[in-house]
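Feature annotations, reproduced from Swiss-Prot:
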- 15-18, ARG38, 72-75, 96-98, ARG104, 137-140: CoA binding site (BINDING)
- ASP169: active site, nucleophile (ACT_SITE)
- GLY260, GLY261, GLN262: substrate binding site (BINDING)
Amino acid sequence: MTKPLDGINVLDFTHVQAGPACTQMMGFLGANVIKIERRGSGDMTRGWLQDKPNVDSLYFTMFNCNKRSIELDMKTPEGKELLEQMIKKADVMVENFGPGALDRMGFTWEYIQELNPRVILASVKGYAEGHANEHLKVYENVAQCSGGAAATTGFWDGPPTVSGAALGDSNSGMHLMIGILAALEMRHKTGRGQKVAVAMQDAVLNLVRIKLRDQQRLERTGILAEYPQAQPNFAFDRDGNPLSFDNITSVPRGGNAGGGGQPGWMLKCKGWETDADSYVYFTIAANMWPQICDMIDKPEWKDDPAYNTFEGRVDKLMDIFSFIETKFADKDKFEVTEWAAQYGIPCGPVMSMKELAHDPSLQKVGTVVEVVDEIRGNHLTVGAPFKFSGFQPEITRAPLLGEHTDEVLKELGLDDAKIKELHAKQVV
């Protein structure tokens, strides 16, 4: 089967999550990904949050499928020479070292271009080059804070809240892959590689751009009418005082309010008293208002000017959601979802991780994949999120540390005697 990235050779210097998420996805698409790991220790996540002794952690395996691993001491002259040979054959190099680390190893961009003018050097950093904070190291939750996600997530009477989604790490890796694919396409036109960089702050901000939209609206109008703080006597501060936009100058935390212009809220369903995930998210789409009225048995609201326009009902949104919630008391979240679907109303259940892990539909479509792993035992991972009509990604287990060292060295043209010598010198 022809794969989208067949023939693309990727040198993967990444570790933890942002970079590995990028290179793993390239591996899913058929790229030849060689993970270059520090001799003797490898990617630190191999030992993080282990659920089984003496095997690589799920943290590592779930971000490093479809790769090969080589152990290499890049500080030795022989190690540096091997790396130079690999760069000459590479299409892409991906790294997420701290700022300036690659330069300190002796591999400046200028030197890399001398070795291979067609290679693309892709990097993930905390802040963009030229930013006042470009020297700072950034991890997942720091990125969520720096990019505006934490300040706008959570409830108004609580602290800034980080998301369970990896907005800083995996999201940055996906943005980086987009940049790499664009750079590969541009190389077809120019014949030369280039540097591609993604700042974690930028990647997070890209996903909260609607909050930048709201900041500009707030500065121009003084209010965000769809936010809970605009509802009469609904949102209160920690001292019990009602909140309003009279003294709010930055986009506030809106709880579970919808941010796309269509108001939404999290509503309880049957069983919520004992099941923390017995909720649905219900959206009041303007064009669906008549159907919503039919569903909740409020036909009189269809023609009532106090309800039948967004402007009319915006100051009553929370009261409306509370009323709708009463209709769900005798139905579980899946029954509510099907009920709403009969009217074409956007509504969905809150899916727990347990439910997702064992969802037969997700396994059928290849989103949740059982990885065959004869070393640590079979385990689940998330497959490619995109589906092709002419290509089905095959997910293979993550490599053991240095599992493919000799194989990769032979591809460079080294014979058995030379490989044995490099092992003896502890270069590989």
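A Cβ is built for glycine as well, from the same backbone N, Cα and C atoms used for every other residue.
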Just jot down the residues in the same chain as GLY261 (substrate binding site), at least 6 apart in sequence, with C-beta under 8 A of its C-beta; none if empty.
GLU226
Quick one: of the binding-site residues HIS15, ALA18, ASN96, TYR139, GLN262, which has its CA closest to the CA of the residue listed as 'active site, nucleophile'?
ALA18
To see if you understand the setup: which same-chain residues, six or more apart in sequence, place their Cβ under 8 Å from that of ASN96 (CoA binding site)?
PHE13, THR14, HIS15, VAL16, ALA18, GLY19, SER123, VAL124, LYS125
Rank the recorded positions ASP73, ASP169 by how many other Cβ atoms lie within 10 Å of each Cβ and give me the one with the fewest.
ASP73
GLN262 (substrate binding site): which of the binding-site residues ASP73, ARG104, TYR139 is the nearest Cα neighbour?
TYR139
Assigned conformation of HIS15 (CoA binding site) - DSSP reduced to three states:
coil
For the binding-site residues HIS15, ALA18, ARG104, TYR139, GLN262, which one has the sparsest Cβ surroundings, going by other Cβ atoms within 10 Å?
ARG104
Hey, does DSSP put GLN262 (substrate binding site) in a helix, a strand, or just coil?
coil
